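Student: Dropping the structure in here first, questions after.
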């Protein structure tokens, strides 16, 4: 038993060693497998790269052809984008492999010199193998980057070709509206299109009959009717909260947040059911294959028209609320809101009709004259509506609201809603002249034969008005939710307490989030209204992809993810640096024999060193080379030596002031004969507001190297001293009690430390006392001193304690005359 006890530890150690060796061998096998897989991937990548190069070459050849149309460009981009995605993914895979190989080569070190002792043969073999692999991976990476660059250039060329094609189509000159040939050709084309519609309907009937029997067609018709019924039920279901809300409040205006939510829900009720019904109906018919190709294109025109009309009408109902002023978020009067709604909705219906006719013309291959006529009538109709709207607004004398706007404020008041109503009235007045100019431009383009340009300007101006009104509601909703709903009130305090942040921090976060959302909403609206000038959705997606997944600056590729990671790393590093600095200053340094000043300096230096290291590592996360920064710093040092000493001195002093905070904004200081409040600390100078309200700029270097008296550095308390002279026959104890009583009775004088009275001097004819006390706020020291003087004088008179004074003799005309004791101050 004793022997087994002695052998048991050795056996356990042996088992442990065997387990460790087995684990190492298994890890080496896995590493070898991973290495072989990496080599295999590199070899396979060469073959795939050739196929991707062939696709890029074919796209480049196709882009060189003349007469390309928008569908052709879409087809080329559809072939190019997958290749670019694969190339980007390949670069992301190859770069870490190359970096790992280079790091392993650096760990092995360079080859020894010829006269140096030879190194181990295995190390030489490993270095040669790693160098060969790194060269192969580096060559492949360069080829992939080169091909990816070609893909980016081809993508830019496709975008440029698309914009040029759109510009040529927009500025192409066709018929003038005064040209009789246009109307004659249009009349002939309308007759042809009418026959085409009859043929299309007959073809549709025959096509549907060949696919579905008559009873099946009846069931499909019933299905379409059922979809319409379901859409109506959905509309009533979505509108139920609005009806209930209207019954509860009557005609009283809603608060701003509820008004915006009700407006958005109204827009959803007007937009969603109709579009879903048409889309579901087309999907049902197409699913049973009863729509031929041309009829499907016509149905797509119907869907486009319904989308335009429903969306435009829903946006206007949400913004203007012509029949529901209790939820109107836009500060307009009932008459103006109703007027704008009627005119703009008419234009929306006209735009939807033009969209449907455009698809119908393309499906029936109508003559160009008919398409030109449709666009010309659209431009003329929208221009007429704009003229009618501007004239009606000019004739209306009540642009500002007569009724209370949503939110409960009345117009003309000093509240924000009244200011918004006045601002909306001013905006309507200023908008008249630009619309007159736009109408003249549209009319001139129609007369000159630029029908495409005229229809584009007219339709985009209509969309701009609709989106401007709707965007106003969205911005008001964002403000009401984030700023008024989250950042203010009792809910804000509860949310801040729940999240563990200060209410001011929560308000700042809410304002920042609201600002970001506002920028996104405005940019999205601008892109839709302007139409991106021939840029397709794929082009915009390509731009977003480049910004999101990386863009190149010099030789470095920077991605949004890298930037966000670097920012998070920097914030976390700074927090850790402050924590370490505080730990040193609170827990470590006080236990040393260093004096407090040296302890503070050491803690500050530690904070600076850690912060600089964190900044350097954060810069490395986004690929910035510190050597280049060192070169820039070296170049700046030359300039510093030639005459930037004072500027750099002030800059560094400003950084020290901001870091060490010997003075803070709001402190009362005295420096270089100037005394006042610190209003602003910048990296060059510090602004001081003197007591006579003058602004003084003090260079930061003077605050660091000169003598500065800070009255409120640690706290706002300050000491005041009163000197009181009394006669020799006065009771010193009574004088002391009197002075202490005056000080204790003043509300600004602190009880701790208590007021003290000292007998400091025996004068020729008086005893001099000093009253020393501390006031709560040094800014009121002069006021407190004056109050104490008044109180001491009053109480000394009551106690009949005399204040000695020196008599004066007055010489008049060379003779000595005694002063008249009965004469006053003027005598």
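Here the Cβ of each residue, glycine as well, is placed from N, Cα and C on the backbone.
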Student: Quick one: which of 629-658, 659-688, 689-718, 719-748 does TrEMBL have down as transmembrane segment?
Tutor: 629-658
Student: Among the residue ranges 163-186, 187-210, 259-282, I'd like the one that TrEMBL describes as transmembrane segment.
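Tutor: Checking TrEMBL against the ranges 163-186, 187-210, 259-282, the transmembrane segment one is 259-282.
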Student: So which range, 394-416, 601-623, 762-784, gets flagged transmembrane segment in TrEMBL?
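Tutor: From TrEMBL, the annotated transmembrane segment range turns out to be 601-623.
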Student: Taking pairs 6 or more apart in sequence, does the count of Cβ pairs under 8 Å between the transmembrane segment (462-487) and the transmembrane segment (302-320) hit 3 or more?
Tutor: yes
Student: In terms of Cβ proximity under 8 Å, which residues at least six beyond the ends of the transmembrane segment (601-623) contact it?
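Tutor: Contacts with the transmembrane segment (601-623): 556-558, 562-563, 565-567, 569-570, 573-574, 576-578, 580-582, 584-585, 589, 594, 629, 659-660.
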Student: Please give the sequence-distant neighbours of the transmembrane segment (435-456): residues at least 6 beyond its ends with Cβ less than 8 Å from one of its Cβ atoms.
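Tutor: The answer is 169-179, 354, 372, 375-376, 378-380, 382-383, 386-387, 389-390, 531.
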Student: At a C-beta cut-off of under 8 Å, are there same-chain residues at least 6 beyond the transmembrane segment (302-320) that contact it? List them, or none.
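Tutor: The answer is 263-264, 266-271, 274-275, 278-279, 282, 328-330, 332, 337-338, 340-341, 344-345, 348-349, 351-353, 355-356, 359, 466-467, 469-470, 472-473.
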